[in-house]
Every structure is written in C-alpha cells, then in structure tokens.
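What TrEMBL records for B:40-431 is domain 'RNA polymerase beta subunit protrusion'. Taken from TrEMBL, the feature domain 'RNA polymerase Rpb2' applies to B:203-400, B:489-554, B:1047-1174. The domain 'DNA-directed RNA polymerase I subunit RPA2' annotation in TrEMBL covers B:594-651. Annotation source TrEMBL lists domain 'DNA-directed RNA polymerase subunit 2 hybrid-binding' at B:701-944, B:946-1045.
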Amino acid sequence: MDALHYDPMAMDGEPEQPQVKISAADSTRVDFELSRTNLPFANALRRIIQAEVPTIAIDLVEIEVNSSVLADEFIAHRLGLIPLDSKGVNELNYSRDCDCEQYCEQCSVSLTLHAKCTSDEIMKVYARDLVADGRHANSVGTPIITDPEGLGCLIAKLRKDQELKITCIAKKGIAKEHAKWMPTSAVGFEYDPHNKLHHLDMWFENNTDPEKEWPKSKYAQWEEPLQEGEPFDYDAVPNRFYFEVEASGTMEPDLIIQGGIRVLQQKIGGLLKGLDPRKYGGDDADMDGPRSPDMNMDGGTTPWQDGGYTTPYGNNTAYGGGNTAYGGGPYSQGSSWQ
Amino acid sequence: MAPSATSTEWDHQFHTLRRQDLFRNPPTDHSAYPALQLAVNPHIESFNAIFRGDGKPGLLAHGLADIGTKVFLDGNDRAGPEGKNRLQIRIKEVTLQKPQVPPSNKLALNREIFPAECRERHATYRGKLSATFEYSINGGDVVEFTRELGQVPIMIKSNRCHLENNSPALLVSRKEESEELGGYFIVNGNEKIIRLLQVNKRNFPMAINRPSFTNRGAGYTTYGIILRSVRPDETSQTNVLHYLKDGNVTFRFSWRKNEYLIPVIMILKALVETNDREIFEGLIGPMGSKAAQNTFLTDRVELLLRTYKAYRLYSKSETRAYLGQKFRVVLGVPETMSDYEVGTEFLRKIVCVHLGNVDVTEKQDLDKFHMVLFMIRKLYALAAGECAVDNPDAIQNQEILLGGFLYSQILKERLDEFLSVSVRTAIRDYLRRHPAVSFTSEEFRKEFPGGIFRKSNENIANGLEYFLSTGNLVSASGLDLQQTAGFTVVAEKLNFLRFISHFRMVHRGAFFAQLKTTAVRKLLPESWGFMCPVHTPDGSPCGLLNHMTHKCKIMTDYVDVSNIPALVAELGAVETSSASTDESVVVMLDGKIIGWSTPKESLRIGDCLRYWKVEGSHNVPLQLEVGYVPPSNGGSYPGLYLTSTPSRMVRPVKYLPLQKEDYVGPHEQPYMSIAVVPQEIESGVSTHVEFDPTNMLSILANMTPFSDFNQSPRNMYQCQMGKQTMGTPGTAIRHRTDNKSYRIQTGQTPIVRAPLHNTYGFDNFPNGMNAVVAVISYTGYDMDDAMIINKSAHERGFGHGTVYKTKKITLKDDSRTRAAKSVVKMFGFAPHSYVSAAYQGMLDDDGLPHVGRMVKEDDVLCAWHTVTPDYNGNLVNLDGITHYEKYKDSEIGFIEEVRLIGAESGSEPLQTISIKIRIPRSPVIGDKFSSRHGQKGVLSQKWPMSLAGKAGALHGLAQDSTPFRFDEENTAADYFGHQLMKAGFNYHGNEPMYSGITGEELGADIYIGVVYYQRLRHMVNDKYQVRTTGPVVPTTGQPIKGRKRGGGIRVGEMERDALLAHGTAFLLQDRLLNCSDYTRSWICRRCGSFLSVQPTVSQFAPGKKKAPSMVRCRNCAVRLDDSEGIDLTEIQGEIWEDGQGNCWVGGDQTTQVVVPGALKFLDVELAAMGVKLKYRIDRTDEPRKGPMKPLKQISAAA
C-alpha cells in the first residue's frame, strides 16, 4: 500500500472498516475511492458534503446608498453568492441558536463595501473591495480571491458619480437552505464502471457497437472487467465508490469531507438519541415516544377530541358564524345523540 | 476616426466581441442589422409616400387634385344660381411639420420633440398640419392664405420624424434603441401600428360567384365581376358588374355607403361616342371571328343592347346629361354645373378611376370603355362556364393595404369633408346672419379667411389621433373597406420577437373574423413564399392573422413602366380582339388594356419581358409583375397581366436562364415553375429556383431550431410562445413607460441558432436561457406538461424575471372642457396638515415617493392637496387636508423611477407624475416555461438535482439550426451524435444517472441535453384566484366575477355534471349553495310564500336594537280593523303590529328555511309579472314547541 492509503483501523484487524484511497488532491478538489462500505453510506456522505456542511455566506444586506444601475435586490443576490472563507466557521454559532437579538460577532461577520466612481472611466467593484470587520481571530468571512490579479468576483460596475455603500452580514448556514452556502461546486459519484451489477441499461442500437457508443469511465481501469464466461452474480452489491469533490473555494476539500463526516455523526447521534433516549441520553429523555403532530398549531385541542370537526383554520364554515340552518354548530347541538 | 464601414454580414457564430463592440460603440454610419429595418420599411415608406421628398407629387397632392375646387354661391339659398356671385376655393397644398414645441411655450430652448420624450410623457408624437388655400370670387384674382389644421400623429422614422436616417450612435443619444425601427406611431405614450390588411388586388377584374349577389334584386344571379379600382392617391372605388338571368348586365358601385345600380350600356355610351355595332363588336370581336358563332354570347349581347333601347338615350351627351341629372344630389356638386358636366364628374369619380381620375382625357375615357367591355366579356365567359371564378381569399388576387396609405386616405377624406361641409356651413351661417353681404363686398373680403374659417371646425388632426388610439374609422364614405374598427393595434414590446412580428403581421379583415365559414382561413398553396405557413395563431384569429415571410417585400411605389406599351406592341400585340380566348387574350398593364395577342404569343411576350426585366435591359423594371395566365379548359381567364403598382407583395427568387435575382409576385407565381431546391430543377420546365427553402418562413418561424424535425403544430405553438416569452424588451428600458413590461434577468444567447438569429440581431434582446435538461420520469412531480428546476440553479438566479408597471397619476381631469384646465390640485402635503408618521416615512417632503422604496399593498405613492388662487393669483391650500394615492396591488414592489411630467406650455405647476414600479418575480411553482419547440410546461417543484449535469457547450460551438439542412442519408442525429462521441459522451446523448435519494444507478438511460428555455409571461402570481367569502352580486347574492375584484370561478353546468357523476353531493352543495348564495329566509308554512312575511314591530320595544325578531305572515293574518264582525273573544293567538300601526292577528306559522338567494330573486321577478310561487313545506320539519312529543301528536294537532 502506498503512503496515501489512509486506514487508521487497519491495526485493529477489522478489514470491514471503510477505506479511502486518494488518487489526486489539491486545494480545490480531491478524487478518492471509498471502499469496503455500502451504497447508503457512500451516498449519505455525498449528499451531506453537498448540502449540509456549514459554510458562511452573506445573508443580510443593508444598503445605504445604491446609485448604480443594478437594483438593490439584484446586488444583494450577487453578494450572497460571493464565496467567503469558511475555515473557522465552526467557531461561529448559527444565528438562530445564538443568544443575541438579531446577530452578533458570535454568529456573524460583517463586511462593508463603499465604492464611488469619481473618474470618467467605468469603475468595477470586486469582491476584494468587501472589508471584513476584523473582529475575528481567523480569516473567517473574508472573500475568497483566487484569480492572479487578486480581484475576486465582479459585483457591479459604476459610472461616474455612482456610489455603493453597503453593509453585509455574513452568517453560518447550510446549502439545504440556500445554494449560496454550498461548500462544493460539484461532487462526482460513481461505482461499478463495468456495469457488472447490471444496474444500468446501456442501451444501444442493434447494428452498433456498444463499446463505441458508451465510452468507458476512467475508473474502468481500476476494476477488473467482466471475464469471458463469468456468471452474473446477482448477490453482488457495490462496494467501491469513486468520488470527485470540487470545492467552491470557501473550504479546502479535506475540511469539507471531515465536516461532512462530523455532520453525519451528529445526525446519527441525534437519531439514536431520539429513538432510545434512555440509552443515549438527551433532553427528550422523558418524552413518551413518537406521536403525530397536533392539528392545531397553538397546542390546543387534539384532533380526536372534537369528533373531527375542527379544521386547521378554526372551526368557522365558509358561510360564517358556524351556524347552519339546522341549528348551532355542525350537527353538534340540538340533536339527540349527545 | 475613419474606420471601415460597419459590417452587416452575419453567420451563426456567437460573435461575442463584435457584439460587445457594437454595444459599446454604436456605429455612426449605419446599423449592423439592416435586415431589421427592411422588415419594417413597408410601413415607413407608405407613410413617406404621403408627403414625398423627391419632387414627385405625394399621395396627398394627388388627393387634393381629386378633391378639386369647390364652388359656393351667395344670396338666397332657395333661389336658383342665376345672378349670384361665385366663390371658388381649393386646397393648394398641405404641409406637415416635424414635431416641435408649440410657440405658446416660451421656456424651451430645444424646440424639437423626440419620440422618447413622448413615450415618457404619455403624450402623442405629432406635428403641425397646415394647408394653403386658394380662392377667387367670380373667377377673379386668386387669393392665397394658410391655415393650421391641428397636430397629426407622425410615424417614427418617417420623413416627418426627427429620427429619419439617424445612425445608431445618434439614436442612442436620442434615448432610443440603437436599432430603433420606427414604423409605428406614439399616441398617448402607447406605440400604435396600423395593421396591414389584405384587400382585393387593384385594377384587376375578378370573377366572383357569390350567393349574396342574388339579393340585389329580381333576376340577379350569383355571377359578378369585381374591379377594385384605385386612384393615384391610393383611395379606391369598387365597380361591380352583375349578371342577370336573362343575360343583362348591370353596373354597381357604392358611394358614401349607399349602393347604386346602372345598366352597363349606359356607362359605355356615356364614356365615348359610340353605337350599338361598336359595342357589339367590342364585346364579341370583328365579324367573322370565331366568337361570332358563339350563340350564347351573341344572344346575350343582342338582348343587352335591345333592353337598353327603353332609355332612349343615344349620344354621349344625352347619356351623360341623364346620368348627371340622376346623380346631381348624390355627388353633391355645385348648382352651377350643367347636367352634362355632372355626368362627366360621375364618370371621373366612379367608373374605372384607375384609368383617369383628374382632368380625364378622351383617350382615358376610351381606356375606360375598353376596360368595361373586357369586364363584360369576362362576365359572360364566367356565366357560360368558360372560365373559373377567381378566389378572393387566395393571395393571388390580393394586395396589402399599407398603414401609410390608409392614413393618407383618411387625411384626404377629412380635408374633403372640411372643405365641402365645414366651410360650406360656415359660409352659409355667415350669409344668414348678414343677408345683405355679397361675396364681392369689401366686408366679406375682410372677414372671409379669418373670421369665417374660424367658425368651421378646423381640427382635422384630432380625428387622426382618435383613429390611431382607438382603431375606429369614422368616415362618410367608408373608404371602400369592409370594416370600421380594429385598424390599429398596440405594438407591445413584451419581447423583441413579439415587437418585430407586429410589423410583419397581415390581417384578412375584421369582417372575416365573424364569418362562420372557415374557407377564408385555409392555408392555400398560392401563399407559398409570401405568407408563412407556420406563423399564425391558433384559436379564433387562426388563418386570418398571417405573417409575411422574412423575404417578402411590399412595393410602396410605382415602378417605371413608361416603356412597356411600346415594347408590347413591338412584340406583336394588336388592337383587335375576339371574345374567344382561343383567338385572342388580353395584355393588360395595371388595369389598362394595352393590346391583344394570341395565347401563344402572349406567352412569348411574357417570357421576353421576364428575360429583359431580370437582365435589366429595355427599361423593364425588375419588380414588374408579369402575370401570365395560360389558356385552359375552364380555368382562370387567360391573359397577360402586367403590374407595376404599389401595395403588392414581391419576393426574390433566382431566375435560371440568367442565374440572377428576379422578383416574383403572388399573381404570377401560380403559373410559374419555381424549384424549391436546386435538385428539383426540371430541365425545360423550371424557370426559377428558391434562394433558400427557409425563405417561405417568417422571421419567427425561422428561429425555431430544426423546425423540419418537429410535428407541424409544434412549430405553430412555438411561434406563439416565442411572442409570449419574458424576454428583454429593449436596451432603453430607462426611457420607456409601458403599462406593464417583463424582463428576464439572466438572458443568454442560444447555443443552437440559425444564421438569421444574428442577421436580425436577436442577441441584443435575449429571450431565454440554455438549460441542461434531463428527460426522466422518477419523482412523481413529473405529471403531464410539467418540469422540475434544480434548486441550486433557481437560487443562483435561473429564470429570474422582473415586471415593471407604470402608473400615471394625474391631478387633472381627463375631460377636455375648458373648466378642467385650471389648476385645482397640487402634489405635496397640504401645509400644516396632519400627516401620520407611517405616511411621512413613505414619502419625501415633496409628497412623492423615494426611488428604491419598497411598497406593499395600501402604502401611499404620493400626496396631493387642493388649491385655489388667492387675490394675488398664488395658489394656496385652504382646507389643510392631504390626500393620498395608494398602491393597490397585493404584490410587493419597488419604486424604480418617478417622472415629473410638465405641461407642454411650460407654465403650469406639476400636475402629472408617472411612477414605474419594479416587481421581482423569481420562478415559483406554477410558472410556465417552454423550450423552442412548442413544448410548454409548468414548474411543479424546485428540486435539488444533485447529480452532475452535462456541460452546456461541450465544444464551445454555436450550432447552426437552419431547417432543411439534413436529409435521410445525412441525418442530424448522426452529425450531432458524432460530435458528442468526440467529446466523450454517449452517441445518443444518454447518460447513466444515479438516484439522488439512494445513490443507486438508475436502470434506464437518461437523455441529457442542453435546451434553450423560455420563461413565458404567464405566471401564477397574475393568475391564481381563490375565495371562500367575498363580494357578491346584490340582486342574487352570488359571488361576483373577476379575479381583480376578488370574485369566484364559476362552477358551471359541466362542472356540476362532473360532481354529480362523482356522487360528491356534499361538495356540490358546498359549491352551489354554501359558498354561493346561501340565504336564510322566512317563509309562511301556510300560504307557502316568501313575499308575504314581514317582521313585526312592537310598540313597547325600547329601541331599534332590542326589537324582538318576530316574523309573521301578513297574508294569513287577519287585520283587526277589518274584522269588526268578528268576535274578539274567539280570536286565538297573539295580536301583532306592523310598522304602520295596524294590528293583526294570526299568520304565525312562519319559519326559516335555507334557500339559494337566486330562488328568492326569481320569486320576486315572477311576482312582478303576476305569477305567484307557492312552496310546500314538509310538516315534519315544523319547529318543536315545548317538550318533545311523539310525531303523531304533532300531525294531529296541525
């Protein structure tokens, strides 16, 4: 095994532990093979690194002056999509969990932008013009700039005497809420390059060569092709998964994967806690167990107490008053079955 | 700088840098997209023809000649013309100025008014119209004077517009698009265009078989010949010949919307000095010709001549005098004219006006004579079944009525009306008031032009503005048109495709829209190359509203044909003719017979002329139409019909003998052999070949990629949807104030496009986005016609659109009375008035909103107060009340722009503002999208499509999507399949995909590709309609109609049937009663009437509020006053009182029931007609009094 082969569990003599083999890595992407695990686990990891690893992005925009040609909400949307350094994002709280009123330095980074064009030339406002408040020890929340000129993304263009004065509040969040919090730009995911499991159809026309019409993936060389006369193994399950993680720049790929594993652990932990609070402990230990939610959001009567006549919108009928021609409430009063 | 001229050559590539340069530095020489201007040119050129700049007389000058001189007499109205003074007056010249600030404005430095200003001010782009009049009294000295006739709307980019021939750079500096096309008018800030209309081909006698012809009178058959004769000023007069059962022929025409019928021989005899033999030979041919043996013909001509004997009119002068006597009143000619002169005037104005309309010479009368003879000949041929009818719905027999020409016709009629009605009444009024004054007196001379003219309604211009803004034609003559409304449409700039389509649109006429038959809507083969077979809406205007192909041109001027008659004569045309088309066929130039020849020779003449015109020799113009109709057995009437007139369509094709461009017209095309592609050319048969098969498609239809691979209706749908797309209406949106305009924020250029996409500059106005599309059914949200958008794409701005709404707030009354002109209101807060804090924050100190502010429903948009002038003339507020205008939409918007609109005079305080509100619209579930192939669908879920998409342009190429480029051997699928293979993808574009939920590979291969998607303007936010309770109609209690007012959607009979069939009775009751006109009403059980019950009034009740709700039946009650004979002790029951103080007893068997409100309404209505309704109420429903008893007992008691 080469040096890249990372297998901390190997010493325990448990070969069934997942294995990772990294084939290429740099600051923005990593290609690796995840093996000795099953499809649900690999897919869970993929989904989480795409959508649930927290990063930081501009979420609130206070516009003081905007005399550019772009509309306020348009600039706000553009600002939201600017990648910000999310390395130290774990030190921040989610704004909704924070003790503060709206936002504070524990849960946000504020960035200011003030640009005014004074020359006849068109002025371009870039991400580098966003100034972080600097109240945080690490570089969290500073715009990511990777281009050789050191400019970052273009935000707007200003003509003479046009001005932008903006304060942005960047918050921690996940991509499930909004795509601006995505740590990755794309995650490649593949298994079974030779289609040994027959998960794919790989349709081709009768008179053509499927080998020509269906180009092989590069991972085809990593696995043994189907041997001549080899019987189809209908019990086989995929166990080697090829990931190609492309980072959006806010975090390095290893941090994304590690963050993803942590989120996955927390989710499993939360699930276990919910299923068996006595064993795993937690706040809800005294809860009676699962139940369906109350119909009335205000925690009032439960739906089974009023004979099913309460709608989530209250008990008024469309024609008002709750009184019908036949008496009081619908079939409730004045009749003999009570 | 002297750079090379702007290139106008385009191919299908992206040309990103070239386009960027065009945007940053608009060309100073000419547009880079000349094809766009060509598409609109027919409109502009037709307007330019009204007042020409090249020295030739314009249309209006011709019109003035036709109007001629009017003669008025002084003295007593009732007395004869003898001894009276004559006033002769005519309009010498009419001029139209470019739009300018009126002289009443002393403040403006730049006096020119540009179109952008009119758009922003919601004003009309118009120029001053003035006329020079010339009059003389008793034929004495001619006096000239000039009057202003008001301001008429001016077409943008016409020769009366400041934007004519402006370079793109100049246009941009004048706040226009760099590719401003013109061709429309600006009326009250709206862009209006005059629709192109299909009308009958001019100066061509059409054979018609129309059942309604028999309604003209006894003996009339369905056969007729229609000649739409057009004067040099483009007004037309239709002449019809009717065939009667006995073989007689009558001449029919309409004058001022009335129809007149004249024996055709009378017309012939009035035109020239002739005799029966000449007419006979003119119709049949010289003695001994083949036609003379045709007894069908000779019998009828004989009868024609014989029956005319009854009139006893023989000479030309007798006939003309007779006609003059009959039509003196109809034509409204001056009394001084003799009957003979009136007869001449009649022939000038009505008969074959295209052959001589002003100062008609004898030669012209002879031409008219020959023309009428030819028409009779054709009519007899039609009646004998020798020739077929001409289809008036085929484009072969049609031309296009251009907007500018129609505009000039209206202007001419207004001027005529002005002179012959307004001025006449003004003079008559003056003479009545001053009976002693004669035309020769000094007093009249002083008064005439000034004083008397002022009395007449000089405002001719208002009528034109009315015409353009409403599209209604107010006309005494009807202008020989079949409709009076719907002439103009708003040129909506929803997106550029829609805008450009308006100019290529041709309407068949509003009259045909009501027709039950669908024959007029047919797509006829004659339309090939002129009307797009694809681009017509589906639904009610289908086939009536067509669009011209992108290469189709409309001629707007006569081409020079002065040499043609001589050439034709040289080629062997002769003057003598025979009625038999085997012997001689006509050679006609613009409705004038220039000779006759044998059928064989006419083909040779036609071929010669064609060769010469393409070659450019012998002074034969290229655009001359050589309509050779070959002789056939019962087909169209043969002949060689040469046409040089304006208003006809032409299109370029390649002439094979010379391999050069030729122009063909719709009249000649059916008899030509034009190969579509070079492979189709048949040696010895084909004379022409199309330059490109796509020439038969309109601009829009050409934009559909690979339209030849689509199911045919899909192409039609795409033409519709392309016009409904949220696109980019323009680059000068800042200078526009459309009521509502849509804009897509993330527009892209399509990867797959035709070269015409660049030729027409559609990249200046992007219309959609290239989307990576997977075709799959997987999640359950994939219902019919629905789609799912990637959540991340949506959040990054895919399909994000904006709606701009402009609201004009004016403090002035719209009524044009003089009283409303004074200033009574002003913007701003009333001084010292109470202003709530909430409102103060919304508005600036001047009472107007901040730009950029967010507005919600019921937020205020501006403040105003009333003012009155004080003794100094200063306007002051007295009541101290501030009024507000509110934002009434339920959607959140942002103030984009606030415009302060000053008065034209520049001397009024601010009275009008216009506020543009921006409403962001990101795609939501229910919004409509479509590809460019008529595949529309609604968004059904925003879905995180997590799997890798296909790179949009794998090779970074623009793909040429011109249709008809591939064939069976060389298929498109193969071409693009190999491109895909080169890029390492599956040949068919299929790819393995993985379930986003489980990560498992999906069994099916899923097609993924890049599709250009359009977001349509139909958005749920404008459509959703929900209500449970709300406003109702007061009479019935049922919900009102209309989404805007919170009304309901009707559950109609079919919906009711569906609910019944489903057995959902409770739902049905909910829809039809509870949510509709649920009413609780009192009714009397005894008499079963709703109408006899009334609430009682207790005299002891303390107040109105506490009155007991007791309802009694007045019908069943007994009035105590009337019942004196009744023993009071025997009366049972309570005594009650009505409102008038009468006491009643009984009538207490009332109860409440639930009924539909409409039922009570019906009861009342029927009662008004004396019909009583009685309702039976089931006794078992009787309210229980006291404790519960067995049912039997109750019934026994009752």
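Here the Cβ of each residue, glycine as well, is placed from N, Cα and C on the backbone.
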> Are the domain 'RNA polymerase Rpb2' (B:1047-1174) and the domain 'DNA-directed RNA polymerase I subunit RPA2' (B:594-651) near each other by the rule of at least 3 C-beta pairs under 8 angstroms (pairs 6 or more apart)?
Replying inline: no
>> Just to confirm my parser: what is the rounded mean pLDDT across the domain 'DNA-directed RNA polymerase subunit 2 hybrid-binding' (B:946-1045)?
In response: 75
> Per DSSP, what is the residue count of the domain 'DNA-directed RNA polymerase subunit 2 hybrid-binding' (B:946-1045) in each of helix, strand and coil?
Replying inline: 15 helix, 19 strand, 66 coil
> If you run through the domain 'DNA-directed RNA polymerase I subunit RPA2' (B:594-651) with DSSP, how many residues end up as helix, strand and coil?
Replying inline: 17 helix, 17 strand, 24 coil
> So how many of the residues in the domain 'RNA polymerase Rpb2' (B:489-554) end up helix, strand or coil by DSSP?
Replying inline: 19 helix, 12 strand, 35 coil
>> Quick check on the domain 'RNA polymerase Rpb2' (B:1047-1174): DSSP residue counts for helix, strand, coil, in that order please.
In response: 38 helix, 30 strand, 60 coil
